[in-house]
Structure formats: C-alpha cells, structure tokens
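Here is what Swiss-Prot records for this protein:
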| type | residues | note |
| --- | --- | --- |
| MOD_RES | 261 | pyruvic acid (Ser) |
| ACT_SITE | 261 | active site, schiff-base intermediate with substrate |
C-alpha cells in the first residue's frame with residue numbers, strides 16, 4: 001500500500017510500473033551490453049554525440065573530449081576524467097563521496113531497516129544476501145544511497161583508506177532504478193543484482209554496494225575485473241586474507257558500471273556522522289565530504 005502522503009500514480013505511471021514486472025529484463029540487458037561493445041566507427045560516434053546532447057554530458061571534464069576518440073559506447077560510458085576534475089577532500093577525519101549523482105536516501109539505519117523512498121523500506125539482511133552476521137554489524141548505523149543518472153561519471157571511488165575483507169556477488173532482478181521507481185517498487189534495491197564489498201577501515205567496517213539495473217551491462221572492480229557477465233544464479237563470495245589483502249586509498253577508483261545505477265554505503269553505529277548538507281535529491285560529486293569521524 002502506498003504511503004497516504006504520497007500522490008497516487010497516474011494511469012501512465014501505473015503502466016510504467018507494470019512494464020517493469022513483465023519486460024524481459026535480462027534479454028534487454030544482454031542486448032544493451034552487446035550493442036555497447038560494438039565498434040561501428042562514425043555510427044558509434046554519432047550515437048555517442050546524440051546521447052551526450054540528450055543527457056547534457058560535460059565532455060570538458062573527460063580526458064578525451066572528442067566523440068571520435070571513443071571506439072565504443074562502453075568506452076565512452078566509463079570515460080576517465082581529467083585529474084583536476086574531481087578534488088578529493090583532504091581532511092583525515094572525513095570520508096568522501098564515492099560517486100557522482102544525487103542522494104537517493106541517507107540517514108540512520110533503524111535497527112536493521114533502511115529507507116528506500118517515502119513509504120518503502122527494506123532490510124539489511126535482504127540487502128546483504130541473507131548474511132545475518134554482517135547485517136548485525138550495521139544495526140543502528142548510517143547509510144547513504146547515491147543514484148547515478150545516465151549523464152553521470154560512472155566510475156566508483158573509495159570514501160577512505162581501506163582493506164578489502166570480502167566481496168559478494170548477488171544475482172537478482174534487473175529493474176530500472178530511478179527515484180520514481182524507488183517509490184513504487186518495494187524492496188527494489190534489495191532485489192536487484194548487486195556486488196557487495198566489505199572493507200576494514202579506521203572508521204570501522206564499511207560496506208560499499210554496486211547495484212545493477214536494466215541495461216547495466218556489467219559491474220567491475222579494480223581487483224577482480226568484470227564481475228558480471230557471466231551472470232550466475234547463485235550467490236558467490238570471495239574472502240581476502242592478509243596474504244591476498246587488497247589495500248585501497250581514499251579517492252582511489254574501486255569499480256565501475258557499464259551503464260549504471262546506484263551505490264550504497266553502510267557504516268557501523270557511532271562511527272561516523274553524515275555531512276549536514278546531504279539530503280534527498282542533493283547533487284553530489286566524487287571527493288566531496290560524505291561523513292566525518294565521530
């Protein structure tokens with residue numbers, strides 16, 4: 001049931017929601033992934049130009065500013081930025097934002113429940129693929145969810161220095177992810193395919209989650225490469241011992257979306273305080289302050 005404070009969706013909006021349940025999510029995603037890899041010369045350059053114009057992509061931030069410099073749409077979509085395009089906050093007590101986009105939700109984790117949108121919440125256990133022990137670590141903690149729109153830079157960075165403890169691939173649905181659907185599809189973020197990364201940091205245990213969506217062709221990390229495809233029907237888990245530890249620095253790239261979606265960060269109770277300016281809909285960029293050490 002929808003929250004009484006929310007407007008009921010219109011007829012066309014209800015059709016849009018219903019379509020999410022019946023469309024061939026996987027086949028659309030596979031097709032989009034195949035198309036995005038093709039190198040069709042001037043045709044590819046023309047498509048990239050149309051996309052950049054439609055979504056107002058700022059090409060002046062990119063290392064390669066000309067459309068002709070991108071051999072495929074994938075290459076364009078995960079384009080690196082100029083080194084000076086994003087400044088990483090140098091305050092040692094601050095954690096920085098991992099992605100460009102807008103705040104979808106942020107705040108306090110009520111016991112083991114996170115807010116997805118007004119009227120919709122989801123559980124930590126569901127989000128973390130049934131890992132009850134991991135979920136307990138974040139009871140009464142803090143969280144931040146960042147939505148990456150098509151125009152945004154789609155590489156994901158580290159909020160702080162960290163050591164990778166565990167990575168979990170979770171198969172799932174491929175619903176489209178955007179603010180409207182977050183309000184109308186229950187448990188969307190805990191149902192979609194995702195990659196969960198668990199880190200040890202001086203700010204306590206931190207989780208950073210890459211959430212997939214329709215036409216998210218792949219998600220990758222700098223230590224493991226492309227995680228999907230191939231897509232598995234089972235949860236996969238990798239643990240990292242001291243011998244195989246992956247050390248990452250604040251602001252360092254940790255992963256990327258090829259056509260992207262959402263990044264979720266989880267923090268333990270009484271470890272950090274989210275920055276005051278963060279609120280639903282606020283635009284954010286890599287390197288800006290996410291939270292401060294308590």
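Cβ coordinates are placed from backbone N, Cα and C, and glycine is handled just like the others.
The Cβ neighbour count for residue 261 (pyruvic acid (Ser)), using a 10 Å radius over every protein chain in view, is 28. Secondary structure at the residue listed as 'pyruvic acid (Ser)', taken from DSSP and collapsed to helix, strand or coil, is coil.
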